[in-house]
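Engineer: The domain 'Luciferase-like' annotation in TrEMBL covers A:8-388. If you look up TrEMBL, you'll see A:Asp55, A:Thr101, A:His151, A:Tyr155, A:Ser226 marked as FMN binding site.
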Amino acid sequence: MSRPFHLAWFTSFKPPAWRSPWGGVSGEEWMTGEYYVSMVKQLERAGFDFIMFEDSSLVSEALGGTAEMDLKHGLHSPKLDPFPLLPVLARETEKIGLIATGSTSFYPPFILARVMATMDHLTGGRVGWNVVTSSQDIAAQNYGIDKLLEHDERYVQAQEFLDVVKALWDSWEPGAVVMDRETGHYADHTKVSPIHHEGTYFKVRGPLNMPAGPQGHPVICQAGGSPAGRDFAAQHANAIVATNPLLPRMKEYADDIRARAERLGRDPDEIRVLFHLSPVVGETEEEAWSVWRRTYGMEDPLQVEQTLAILAAVTSIDWKQFDLDEPFPQGLTTNGHQSVLDDLMARNVGKTLRESLTERAQMGPQTVGTVAQVADRMEQIVEDTGIDGFLIRAETGLSHTRRYIDSICFGLAPELQRRGLVRTDFPHATFRDNLLAF
Amino acid sequence: MSADPFHLAWFAADGFGVKSWGKTFSGRGGQDWADPALWIDLAQALERARFDFIIIEDSSYMPDTYGGTSEAYLKTATATPKMDPSVLAPLMSHATKKIGIVPTMSVSEHHPYGLARTINTLDHMSQGRTGWNIVTGSNDNAAKNYGLDDWLEHDERYDMADEFFDLACRLWTSWEEDAVVLDEATGTWGDFTKVHTVDFQGTYFSSRGPLNAPQSPQGLPTFVQAGGSPRGKKFDARAANAIISGVEGGPAKMKAFRDDIRAQAALAGRSPDDVKVLYLISPIIAETDEEAWAKRRRQTEFAEAHPEIGLLHLSRHSRIDFSQWDLDEVIPEGTTTNGHRQQLEQCIGKTPRQILREGFGQGNFEIVGSPDTVAAQLDEAMEEVGGDGFLIASRDLNRRYISEIADGLVPALQRRGVVREEYSHDTFRDNLLAF
């Protein structure tokens, strides 16, 4: 039998697929958080280890210098702050892990450390922090920063940020809270110490004005792709999230993370590597494929426009000038991220632009069929690549609906559970202990 | 004769920390302080009693002003530990329908964009019931947690608060009300012509904008503030919807404070009725007046037996170490601070023992008795002051005290017809400004 793996879900606090036939009233009600409350309950029943809220704080103007496409399709924005949502999700569930994103470029470390520690208490030891360094100057400018640090230096800063917040979480020693009714002693001041951090980027006195939560440190999640990012992830993360449609690249990434962890003196078994997957399941194979075509087939002009806008945002190229059914353009240059564009061109040799959009939208290896077929495929991927699990996402297209969530949670997940591949219970009290249990 | 209807709100002094432990009715308050259940119970009880709102006080540093060490603060769990209220607030609004929830967030610690975003999210999630208690940093230990040696000088902190407030308001209104169109035919979620950058360049802050989320139900959150100094009052008069008043000396002083605020609000071009002044009180209530007075005596005895507890707060707020004076030594004229000014000024010329007897920070005047007695006292005071209501504060917060207020005092006030029996609106601001 194959080894068990982990399921998680990737989303953000934004409108779900409001114009899908199954969108219901989600376009009007998403801001209250109720959509995500019902979602996370289903995920917990289905044995998901965690839900992760990606985040950013900008209205993108990457396409044509205006916010038109970003707002028309609701791409980068709107997005509400995931921190206030997490405690409510925790209140409505008992076991599932809850991860929110926080940027090391925009938060003072004291606030981030304190909010995370507070949430670890509020969730009973189920909170995680997705560490991002942020990459968009237009977001930095919202925070009064003209230009972000260069890519690799952002990781140097993030490293110092992590050092500070970890020191703050550790600033109350175990046993600091004595709670002696006789002497009226609540806490022992000799076990609570300032950190007196003075570094290149941050100066923080400490101590934290509260003891850390049940986990001590929240689960650290990261998505490093570059060499600097991979080192950072290998050194700090318990959960690493990555995207690649190609199985050999997935294996290479998972192996590389383990190797880096060992080099950095860390036990690789403290890390779980999860890859994005957007499975499409149907009652029959035919139905699944027809759903897949509507979801990722790039037949709907609005969907094409939306996916082109995403591509434009990351490459600063206006893709509307190209024919969708011609081979993917080559030899392009950009004022934006040339390396991203080069990688994109290299990956799409032999594909049409339309086919590349399909690949982009489904974020991971194509996985379509009956629940049994999709389960077979997931089992095979884990066997072939050595990854630790999947991060289900339904961000683009029209699939972020309650119906899709139900099809995964009550169709696919039970099949995986019957095969003994996905957990049916959470034996431990904290998120980290459950995540690292297998 | 009775006062015009007035407002009731709750000031959770000492924030999201250990509310009560080691006393007769603390329950498991010492062990379970990090569990939000007490706060959810508080919100539901006060909604049942038709309170306007609950403020969750906050500060983010380890105090050590008293005696130059954190020992006494940690020993007594005074002002520490304290957790972040911005993630407690959504749990309180999630469990209620009408009451306003007001986390405290400091303009000295947050960037306006991050704060505007968090508050906007809270107002969406609560469907228009979020307030912001605007504070400026005062204790230098907090400044040191944020990379600074000390905060700006007292009055300049309010200049910075003014700028922060202006920028945050621009961000909250950077999406026009009808920017979200949800047009299925054209697949248009939002109309970019109705979402604007703010391009703010100030002395202390800059921000490009727009906010990355639509306007929330209230548009602007309801603003609460507690400035008692002349500069603080000036800020209040232009910004606040509700003012926390810690003025001492009884109804005459309270009236003077309110009259001053209303005059300044008018000067700032606002309707004075849009600024509600609420006075901090800590009523001591029991079934009979005798029992209430006996309770009051026990509290005084406790305060005198543990003088440091009362002086811990005073020290951290004022940044003056009150352990330097003997209990019977007069606080000399000319003592000054870069911390909270109004509080210190009210101490000068008194001895620490006098301050403790008067119950510093425990209210504007002595309110002790049965529910009916206290209701009559509050009614009478409001009649003299002219408005706008009270903020109940209790450092030793336990469920029994909550019930004494929500199920004892409030029904007595309702019988007199001086507090609301039903909410008339859906949003916090509309309810606050309804009378």
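Keep in mind that glycine also has a Cβ here, set from the backbone N, Cα and C atoms.
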Engineer: Over the domain 'Luciferase-like' (A:8-388), what is the model's average pLDDT?
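Structural biologist: Taking every residue of the domain 'Luciferase-like' (A:8-388) together, the mean pLDDT is 94.
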Engineer: Can you tell me how many other Cβ atoms are located within 10 Å of the Cβ belonging to A:His151 (FMN binding site)?
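Structural biologist: For A:His151 (FMN binding site), the 10 Å Cβ neighbour count is 13.
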Engineer: Restricting to the same chain and to sequence separations of six or more, state which residues have a Cβ under 8 Å from that of A:Tyr155 (FMN binding site).
Structural biologist: A:Thr133, A:Gly224, A:Ala228, A:Gly229, A:Asp231, A:Phe232
Engineer: If you measure every Cα to Cα pair among A:Asp55, A:Thr101, A:His151, A:Tyr155, A:Ser226, the residues listed for FMN, what is the largest value in Å?
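Structural biologist: Max span of the FMN binding residues, Cα based, is 20 Å.
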Engineer: Would you mind ranking the binding-site residues A:Thr101, A:Ser226 by how many other Cβ atoms sit within 10 Å of each Cβ and giving me the lowest?
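Structural biologist: Looking at the binding-site residues A:Thr101, A:Ser226, the Cβ with the fewest others within 10 Å is that of A:Ser226.
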Engineer: Taking the Cβ of A:Asp55 (FMN binding site) as reference, which residues of that chain separated by at least 6 in sequence fall under 8 Å from it?
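Structural biologist: The answer is A:Ser12, A:Phe13, A:Lys79, A:Asp81, A:Pro82, A:Ala100, A:Thr101, A:Gly102, A:Ser103, A:Asn130, A:Val132.
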Engineer: Under DSSP, is A:Ser226 (FMN binding site) part of a helix or a strand, or is it coil?
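Structural biologist: Looking at the DSSP assignment, A:Ser226 (FMN binding site) belongs to neither helix nor strand, so coil.
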